[in-house]
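Chemist: Here's the feature list from TrEMBL:
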type	residues	note
DOMAIN	A:4-183	domain 'Electron transfer flavoprotein alpha/beta-subunit N-terminal'
BINDING	A:Arg208, A:233-234, A:247-251, A:264-271, A:Asn285	FAD binding site
Amino acid sequence: MAEVLVHVDHVDGAVRKPTLELLTLARRLGDPVAVFLGAGADTAAPVLAEYGAVRVLTADAPEFADYLVVPKVDALQAAVSLVSPAAVLVPSSAEGKEIAARLAVRLGSGIITDAVDVTAGDEGPVATQSAFAASFTTRSRVTRGTPVITVKPNSAAPEAAPAAGTVEPLAVTFGALATGTRVTARTARESTGRPELTEAAIVVSGGRGLNGAENFPLIEALADSLGAAVGASRAAVDAGWYPHSAQVGQTGKTVSPQLYIAVGISGAIQHRAGMQTSKTIVAVNKDEEAPIFELVDFGVVGDLFEVVPALTEEIKARKA
Amino acid sequence: MSLRIVVCVKYVPDATGDRRFTEDLVTDRESVDGLLSELDEYAVEQALQIAGSADDAEVTVVTMGPADATDALRKALSMGADKAVHVEDDDLVGTDAPGTSLVLARAIEKTGYDLVVCGMASTDGTMGVLPAMLAERLGVPQVTLLSEVSVADGLVTGRRDGDTASEQLQAALPAVVSVTDQSGEARYPSFKGIMAAKKKPVETLDLEDLEIDAAEAGLEGAWTTVEEAVERPARTKGEVVEDEGEGEGAKQLAGFLADRKFI
Ligand SMILES: Cc1cc2nc3c(=O)[nH]c(=O)nc-3n(C[C@H](O)[C@H](O)[C@H](O)COP(=O)(O)OP(=O)(O)OC[C@H]3O[C@@H](n4cnc5c(N)ncnc54)[C@H](O)[C@@H]3O)c2cc1C
Ligand SMILES: Nc1ncnc2c1ncn2[C@@H]1O[C@H](COP(=O)(O)O)[C@@H](O)[C@H]1O
């Protein structure tokens, strides 16, 4: 059976969930071969094997952490030469898309980004994507070279399927461009203790209606009562009320949770682009004309400063 | 020596319009009014700021797009760019990302550059891959997705805010940069700027000028194909209640969430 390369996204060997989703999708196309770059392969390999990796190609070198993107492209290119895969799957993170972009140009291959599903087709993998702020769903295929496909988080439920996961060192020769862009400092983002925005089953987002950073604890309390992640509109982020990493929308994260609660958010097209494929949508807004209400399964027209604290209490009471 | 800055800007269908696909399943660029991609305004802004802090600099805006794409160039010129290059050819309809990067790389090389500045993504395709592809094709460092950027002494430095960490980056010129919408609001063109833009030079190039074979671009040359585009059914609006006070709205909402097993 053909092999399919999966680029592993990890933090010091802790494999991030989207990679497990990719391994799950890769099994539809062939035998997954994981490419693990950087330190921590010992921790990662058993996990990758459990989710179906027949082989785990590993390479570790300071270049992977000290320089931007290109060293990883060099490594993936080496893996492609070694394996001649039927496709290369890469998580759709900012870095993942850039790695995929350069790899595609090098291989002379077509590239599909931000797939939300991948299936096997007669003429190669078929990728499902959302277009135009999720108002269209498209199905596309790569027609030249080795298909390079980046896949969004939450595109499949990770399913364990134990395989050999044989660890094999990957020989990588870095090209002249590998050391072009130096990472001179790195500050890790502090964990909030809440679920990852793109992976959460429930997301509660606040917008300009919150009227100040000092009111975001209202959103956090509601989120915590539901075990949810916290999101924000760009207006709230631009005002400095919440970090950009929490922004939902076209220039932030795309989320597709079971439940999305929009609080004090009008529902501009760029915000909808990041949340309108959520299964259930709920909104609280004092303006009954707000476009967000066009999307909701349930909406409350009212003052968030009254509705949200009362809702949090009600949820806690019901859960108690 | 003058710092030669090239800004890549895209002319895109207005996101607030009713965007669709053509029968050939490529983006319909006719039925909805176009404009300079808002995310590329940030690129123009940063290019102008970098030019402003250099001893001597020249900012050229480049676009690949249909005839109307000159509107996007004019807007960038009215913001303060010095000149423009428009790559236009009937054979470019339906070009995919690798093809676009080939065309833009050739146009940039022909123009001459020390620094290329791009937006973080185009607002129609939203791939965010072009800057990395350009760097690959041009064989220069990529310093991308910056929320802060500066150029001094032949070096680009910037801050890249990622999912798990914020990174400080550095590379030597020539380089390709892309900037996010966190990099700072773009200026509005002044009346003077709009008048001046009318007289600024716009050079038009076609595939032959760039020595690119028509088979390498356009729908024929694309390395991907869209097999199907289906409009997602509009969400049906559910129940919307007015909060009557006394926690009534919250109770109703909690009831809905409980019915759906979220509580
Ligand atoms: C290129 C581009 C990219 C963009 N990307 C994004 C993106 O990724 N994400 C994003 O979110 N936006 C994005 N935007 C911005 C987007 O167009 C909107 O400006 C933004 O989403 C508005 O945020 P908001 O809904 O919080 O604010 P507003 O539109 O100001 O809405 C605030 C809402 O709060 C309600 N409200 C106020 N007070 C109360 C109260 N006490 N109780 C209840 N309700 C109240 C109001 O009725 C109003 O509906 C982008 C724009 C552009 C041009
Ligand atoms: N047709 C084009 N003409 C000029 N620049 C473009 C074009 N397409 C993309 N770009 C540039 O590449 C960036 C990323 O685009 P994309 O990879 O298409 O999302 C944009 O913000 C622009 O700076």
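Quick reminder: no glycine exception, Cβ is built from N, Cα and C everywhere.
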Chemist: Averaged across the domain 'Electron transfer flavoprotein alpha/beta-subunit N-terminal' (A:4-183), what pLDDT does the model get? Just tell me the whole number, please.
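Modeler: It averages 97.
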Chemist: Can you tell me how many other Cβ atoms are located within 10 Å of the Cβ belonging to A:Gln247 (FAD binding site)?
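Modeler: Step by step: centre on the Cβ of A:Gln247 (FAD binding site), count other Cβ atoms within 10 Å, giving 25.
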Chemist: With CB distance below 8 Å as the criterion, list the binding-site residues among A:Arg208, A:Gln247, A:Gln250, A:Ile265, A:His271 that sit near chain B.
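Modeler: Checking chain B against the binding-site residues, the residues within range (Cβ-Cβ under 8 Å) are A:Gln250.
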Chemist: Per 10 Å Cβ neighbour count, which of the binding-site residues A:Arg208, A:His271 ranks highest?
Modeler: A:His271
Chemist: Per DSSP, to which secondary structure element type does A:Gln247 (FAD binding site) belong, with helix, strand and coil as the options?
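Modeler: Strand, per DSSP.
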Chemist: Where does A:Ile265 (FAD binding site) sit in the DSSP three-state scheme?
Modeler: coil
Chemist: Between the binding-site residues A:Ile265, A:Ala268, where is the Cβ count within 10 Å the lowest?
Modeler: A:Ala268
